[in-house]
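Peer 1: Grabbed the feature section from Swiss-Prot, which reads as follows:
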{"type": "ACT_SITE", "residues": "D238", "note": "active site, proton acceptor"}
{"type": "BINDING", "residues": "D466, D468, S470, K472, E477", "note": "Ca(2+) 1 binding site"}
{"type": "BINDING", "residues": "D501, D503, D505, E507, E512", "note": "Ca(2+) 2 binding site"}
{"type": "BINDING", "residues": "D542, N544, D546, K548, E553", "note": "Ca(2+) 3 binding site"}
{"type": "DOMAIN", "residues": "118-373", "note": "domain 'Protein kinase'"}
{"type": "DOMAIN", "residues": "418-453", "note": "domain 'EF-hand 1'"}
{"type": "DOMAIN", "residues": "453-487", "note": "domain 'EF-hand 2'"}
{"type": "DOMAIN", "residues": "488-523", "note": "domain 'EF-hand 3'"}
{"type": "DOMAIN", "residues": "529-562", "note": "domain 'EF-hand 4'"}
Amino acid sequence: MNDLIIKNNKKGSCDVIIKYKCKKSDENIKRRKSSHKYIKNKSVVLGRSIMTNKKEKLKGALKYKGSKKEIKICNKKSMIKNDKDENTTLKSMKSDNFKFSRRGFILSFTGNLEDFYNLSKEPLGKGTYGCVYKATDKLLKISRAVKVVSKKKLKNIPRFRQEIDIMKNLDHPNVVKLLETFEDSNQIYLVMELCTGGELFDKIVKKGCFVETFASFIMKQIFSVLNYLHIRNICHRDIKPENFLFYDMTPESLIKIIDFGLASYFTHNNYEMKTKAGTPYYVAPQVLTGSYNYKCDMWSSGVLFYILLCGYPPFFGESDHEILSMVKKGKYQFKGKEWNNISEEAKDLIKRCLTMDADKRICASEALQHPWFKKKKYAFNMDMKMDIHVLENFKNYGLLLKFQKLAMTIIAQQSNDYDVEKLKSTFLVLDEDGKGYITKEQLKKGLEKDGLKLPYNFDLLLDQIDSDGSGKIDYTEFIAAALDRKQLSKKLIYCAFRVFDVDNDGEITTAELAHILYNGNKKGNITQRDVNRVKRMIRDVDKNNDGKIDFHEFSEMMKLKF
């Protein structure tokens, strides 16, 4: 049986040595003058865990400094725990400047989609350039939605690729998630999360009109996602009920915006958009003149808001020509019995959305602060609180291996809303101003409000949660850090593994990990330092030292505790 020796050195630090018979050329531990130690050439940072072979019983910190020592030794691991150690580890991670974006995990493949998915015979919906089908992952049996677009019908393929690029950049609870794309000689396939609750349009047709409290629930989501888009200089240009889907059939289901086919990047406040795009009932007057800005979305949302409350549009006619003529005049009324019990605050917000002068028209961030939302607040999971387990998960996430953080981000991205229901609701409550992200101050405030004591190194933890270095906590970043790794299903772990395993051969190579890590995450060429970083990430979890990671090693990595 191999010996595990804990030995105090002259400087008062603690060395952990694995002792067994070996040749001089096969040293078990190589020492350096730093916080790093090595086991068989595997770099171990203070406070971290690594995968080891059968002869190596150690998983954890190799060096410890401080007067108080808490050393836990068992068959599988040796851990040295101390708040100062944890702080040192977080500081070393911050100095390493390891940052990445989730968009790099949305991969594009060439080949046959049906090698991986079974498509439904009947489409869920039809569009100008193709259809949307329900798709079932052949191996994992997970349901997705697949938009199948014919290249022959596409008038402008580069324009369509811009739609894909826009979707890759979006990370918001009210935006349908793009998961991966496929392309063959005839078609392009967009694999997205599946929404089963139907269109907002269908619900309006069925219901007729809605009470103000439910309308506020819908409009807050619409203004929130528009605020998110406009902050990123993206104009949707086709806001209408048909382009919002309910995630599921539950009464409190969120809505998701879809179809970015007409979306466009813009320069803030300039009237540089010229293309006449949109749908007659919802199109803004400036679009018809051929010179408009992002506030065309606010006009369209005002029309949608009007319809929610009464069941019919403010501008109507027997033909598109008549409808557009009414839009150009911009005249509408709040007459009819449907408006008798509608509040003045609701009417005021509609008026501010349907202001003819775009410069005076309300923007999404202003709309979210309108008094109507406070008066007609929809009580959607407003009692959602963060418990101590979420804070513990944040702390654990900060100490994860780089590879593990990548995997947790992919799992958060691949998870459906059912898997993260409570965390999603918590995120929405914390996002008080509806920007689609949480500031570090908002997260601190939310934790303290729920009676949780923040660790003294919380700012360092936040830097680790902010994986793309944007200075704020995006939706997927929050979910990735808050997820309980003990609750991860084998299916979700395999979902992440399969993203890394680009060629689908059952193993993750250095080249594949580099492709994932730097795909869309790095400007310029990959340097030797980047390559060395990836090699270290592989080495940290490569249990059998073959230079590759199989699913067993990957699964074991995801189970490591701290």
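Every residue number used here counts from 1 along the chain in the order it is shown.
Backbone N, Cα and C define each Cβ position, glycine as well.
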Peer 1: Around the Ca(2+) 2 site formed by D501, D503, D505, E507, E512, list the extra residues of the same chain whose Cβ is within 8 Å of the site's Cβ centroid.
Peer 2: F500, V502, N504, G506, I508, T509
Peer 1: With Cβ-Cβ distances below 8 Å as the criterion, list the same-chain residues six or more beyond the ends of the domain 'EF-hand 1' (418-453) that contact it, or say none.
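Peer 2: Beyond its ends, the domain 'EF-hand 1' (418-453) has Cβ neighbours at 171-174, 220, 223-225, 227-228, 231, 254, 365, 368-369, 380-382, 384-388, 390-391, 412, 459, 462, 466, 470-475, 478-479, 482-483, 492.
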Peer 1: Secondary structure at D468 (Ca(2+) 1 binding site) (DSSP, helix/strand/coil)?
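Peer 2: Once the DSSP labels are grouped into three classes, D468 (Ca(2+) 1 binding site) ends up as coil.
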Peer 1: Pick out which of the binding-site residues E477, D501, E507, E553 has the most other Cβ atoms within 10 Å of its own Cβ.
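Peer 2: Buried the deepest by this measure is E477.
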Peer 1: Which are the residues of the chain, D466, D468, S470, K472, E477 excluded, whose CB is within 8 A of where the CB atoms of the Ca(2+) 1 site average out, their centroid?
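Peer 2: For the Ca(2+) 1 site the neighbour list reads Y437, I465, S467, G469, G471, I473, D474.
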Peer 1: Taking just the CA atoms, what is the gap between D468 (Ca(2+) 1 binding site) and E512 (Ca(2+) 2 binding site) in Å?
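Peer 2: On Cα coordinates alone, these residues lie 20 Å apart.
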Peer 1: For D501 (Ca(2+) 2 binding site) and K472 (Ca(2+) 1 binding site), what Cα-Cα distance in Å is obtained after rounding to a whole number?
Peer 2: 30
Peer 1: I need the CA-to-CA distance for K548 (Ca(2+) 3 binding site) versus E507 (Ca(2+) 2 binding site), whole Å please.
Peer 2: 6
Peer 1: Given the recorded positions D238, D503, E507, which one's Cα is the least distant from that of S470 (Ca(2+) 1 binding site)?
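Peer 2: That would be D238, the closest of D238, D503, E507 to S470 (Ca(2+) 1 binding site).
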Peer 1: Helix, strand or coil: which one is E507 (Ca(2+) 2 binding site) in, per DSSP?
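Peer 2: Looking at the DSSP assignment, E507 (Ca(2+) 2 binding site) belongs to a strand.
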Peer 1: Among all the protein chains here, how many other CB atoms are within 10 A of the CB of E512 (Ca(2+) 2 binding site)?
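Peer 2: So the number of other Cβ atoms within 10 Å of E512 (Ca(2+) 2 binding site) is 20.
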Peer 1: Find the one among the binding-site residues D466, E477, D505, E507, E512 whose C-alpha lies closest to that of D542 (Ca(2+) 3 binding site).
Peer 2: E507
Peer 1: Hey, how far is D503 (Ca(2+) 2 binding site) from E553 (Ca(2+) 3 binding site), Cα to Cα, in Å?
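Peer 2: Pair distance, Cα basis, whole Å: 18 Å.
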Peer 1: When the number of other CB atoms within 10 A of each residue's CB is tallied over all shown chains, which of the recorded positions D238, D468, D505, D546 has the maximum?
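Peer 2: Its Cβ has the most other Cβ atoms within 10 Å: D238.
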Peer 1: Run through the domain 'EF-hand 4' (529-562) and tell me, per DSSP, how many residues are helix, strand and coil.
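Peer 2: Helix (H, G, I), strand (E, B), coil: 22 helix, 2 strand, 10 coil.
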